[in-house]
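Annotated in TrEMBL:
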- Asp56: active site, charge relay system (ACT_SITE)
- His97: active site, charge relay system (ACT_SITE)
- Ser271: active site, charge relay system (ACT_SITE)
- 495-504: compositional bias 'Low complexity' (COMPBIAS)
- 513-530: compositional bias 'Polar residues' (COMPBIAS)
- 610-630: compositional bias 'Basic and acidic residues' (COMPBIAS)
- 346-477: domain 'P/Homo B' (DOMAIN)
- 473-568: region 'Disordered' (REGION)
- 602-639: region 'Disordered' (REGION)
- 848-872: transmembrane segment (TRANSMEM)
Amino acid sequence: MESDAHSLNSGLICLLIPVVRPDKHNNNRGNGLDMNVQPAWQDGVTGKGVVVSILDDGIETTHPDLNRNYDPQASYDVNNHDDDPMPRYDVLDSNRHGTRCAGEVAAVANNSLCSVGIAYGASVGGVRMLDGDVTDAVEARSLSLNPQHIDIYSASWGPDDDGKTVDGPGELARRAFIEGVAKGRSGKGSIFVWASGNGGRDHDNCNCDGYTNSIWTLSISSATENGMVPWYSEACSSTLATTYSSGLANERQIVTTDLHHQCTTSHTGTSASAPLAAGICALALEANRRLTWRDMQHIVVRTARSENLHSADWRTNAVGRNVSHSFGYGLMDAAAMVKLARKWVTVPEQQRCEIIAKNAEKLIPAKSQVNIKLRVRECPGVNFLEHVQAKITLTASRRGDLQIHLTSPGGTRSTLLDRRRLDVSRAGFNRWPFMTVHSWGETPVGIWQLEIHNEGRYLGRAVLREWSLVLHGTTEPPDASSRKKTPLPTPVSPSSPRVRVGLPQKQPRKKNGNSNNPSKQGRKTTTFSPFPSLRPRVTAAPRAPPSGKPGRFPTRPPFISTTTATPRRQEIIYPELGGLQFSPQAPNLTFSRLLPTLNKGSYPFSSLTRPKESRQGPKESRQGPKESRQGPKIRPPENMYALRAGASLPTKGLDLREDPQQKNSPAAVKKANMSAWELILHGTEVSPDSNGGQLGTLDELDAKEVKPVSNNLKNRETPSLGNSSRLLPATVRPKQIVEEAVVGPAKLSPNLTNSAEGCIKSEANMCLECLDSYLEYQGQCLHECPMDTYMSLTNKGKPNCRDCHYSCYTCKGPLNDHCLSCHPDARLRKDGNCLLAALDPVVNEARWYFWLMVAFMANVAVVGVAAMLFLVTWCRASSTTAEYTGLQPPRKELHLSSKVHYLSSDED
């Protein structure tokens, strides 16, 4: 049987199924059609000492192909709050997903069962968290499980892949991500591997998935066995690399472990790709245990191969690397990653700068586009790019009609958002951080161009409210050869010396070793209909092991739905969480109340740390620094903070406790003796206001300090209608606007400066309640409402600002006939509605036809009435004439005759 050929009878792994012949698998298929796992095995690397946890619906710990590598410390049942991650069995085997993913990572070798995992020497655990209500707390509890023990977290789930959802991690889950990369693995950072999504059939875009769109996750897409883009795969600029998975009906799928101690040859979707990537990362991590979470991403970028991956959008970026929206940088190469990992030197510390575009508000009418150029003269601390985020706020009549592109100074064009035909939402995007990795290694200096296309119809207006560019990278080159540092010696796994291990040996196959259970297509998100031509799943009568979890929950369909993040929580930029900065060099702290209801036991869960400047008294720390540095440069993000009164911690209930193991660390010292100090004064002999002062050059002007923007300035305010420079109709096709951006205190987000003014109660850097003399709007306290809002009262009688109808520029209420003024491309009607100027001819023509029709119908009515009157009059006249002109029927004349018979004379 063909499925038997996928077993270990060939002595090869089943995991890289996409094969041309059953006996080849990953055995040097050539032409770039394999992930080169076997050369890594031959070099003695099997993932030994590395711990991988599968965040899913549980794993079958008693499976003979998983039991030997099962790690209970990497496992937990978040749904039932116990230490047993065994899945719940039902008739449909709907909770098989996690067991299948675990087999791809660490199925045991040389036991003639099922398959061999990519990292068959690694330890694997499972977190049962999808078989119930998937809340923000459930996600956070799963992502933060034992971060000092678990090295890699693999997840194949996310928001609905329905082509219309925009969602991401909530506040707690976001904090768990931050904690993981900042403190996990003793400061080296947890590695989060994520499936990019299965919404290709619905034209979904994985940049609308806040998990794969995050800088903290390694996003993985799929390729078919022939190197094609699968029908279910999503394309986006945040995908870093790809691995093999299923494709069309005539292309092979993934062989792995299944429930009831059985196997399957039909594991599919990007669900199958992410665990393969996690296994390859485990091999690289065994080769060098000092790799950080960013090191792993750098290694993937440098070793992924684009050969024989067929996509029309392959491009070469400014540093010479091939990149695609469907495959990222290409197919992961295990052997190359292991080789590079052994000599890899840790990359410099990540830096970040944000450039906020000024005068960003632009109108984008239907069937038009807007191009905005943003000049970056310098980005302090960032000379070599890693992740680039365009944080965009816009409104649209139909969100799915929008296309967004970002072009780097080096000419690399990334599609941040493609059209989503099923997305009819009017919600738009609120500071959504579209991320791209296509400019990896490029310089940030130069002109960045943002293109927004609106493919909507007549009434499909869109308005760009604000946008900023968030650049992540390093000051020094990330390559060790370009830095003046001595390479680290080749690290060895602390658990055991590295030994040379050969390929799994062929063993006699047991008669009951395999059973084919085709699975359902797709990752664990929403009910995923398989491709119509695929064979239906054949299910034998399930025999649940005694250790299973029957009956704990009612039978549910195999889908999850993450909690919907509100617009104000869609931003996932970690330096903006309350103004706190996270650094691996900071002392270890632990959360005591991050998840008060779910944390069981004590885990080494590191926490958020404040910057050194804030470790003063509580009064000083609330005020924040008044200024950062003179001149055009600013301090790194960790020194730029501003904390509100009552908002020193981003989340309510969050408590920072000092780790007893760090009492002697420098940051934990609470007192210091000052031995000496100096006062340095800078100034001029002549008053700068005297006649001798001169303006200076442009660069000197740019170097002058600009005062931070107050939180009470209306960042959405636009000039009067007489000056429409901020709302340029794209139908006019104006000249490209080059916006000069100078990074400095003025370029910081208004939410981070003077945020305590007017605010009574705040949380997570958002104001919840303002003073009576202020108006609350989107977490800010304003003196007056922005242009496209109106003043209203809350249920408590507090004044606030609410959005006008999308057609109004200013208004007095929420309805479409409450407009006071209109956008430049529209005019105000007497009834309070705003009518697009482009529709005036159509409306006038329609009005003319209407009145013409009314006149015609009136004429028809008059003619009809006249005809009726004529007929009635004629009939009456005819009747009267007949009566008086003797036309009555003649009277009958009587002819009388005598009956007497007179005889003639002759008769006598």
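Note that Cβ sites are derived from N, Cα and C of the backbone, with glycine treated the same way.
Counting in whole angstrom, Ser271 (active site, charge relay system) lies 8 from His97 (active site, charge relay system) by their C-alpha atoms. Cα of Asp56 (active site, charge relay system) to Cα of His97 (active site, charge relay system): a span of 7 Å. Just so you know, the Cβ of Ser271 (active site, charge relay system) picks up 32 other Cβ atoms within 10 Å once every protein chain is counted. The Cβ of Asp56 (active site, charge relay system) has 32 neighbouring Cβ atoms from other residues within 10 Å, across all protein chains displayed. Mean pLDDT, taken over the domain 'P/Homo B' (346-477), works out to 94 on the 0 to 100 scale. Cβ neighbour count for His97 (active site, charge relay system): 30 (other Cβ atoms within 10 Å of its Cβ, all protein chains included).
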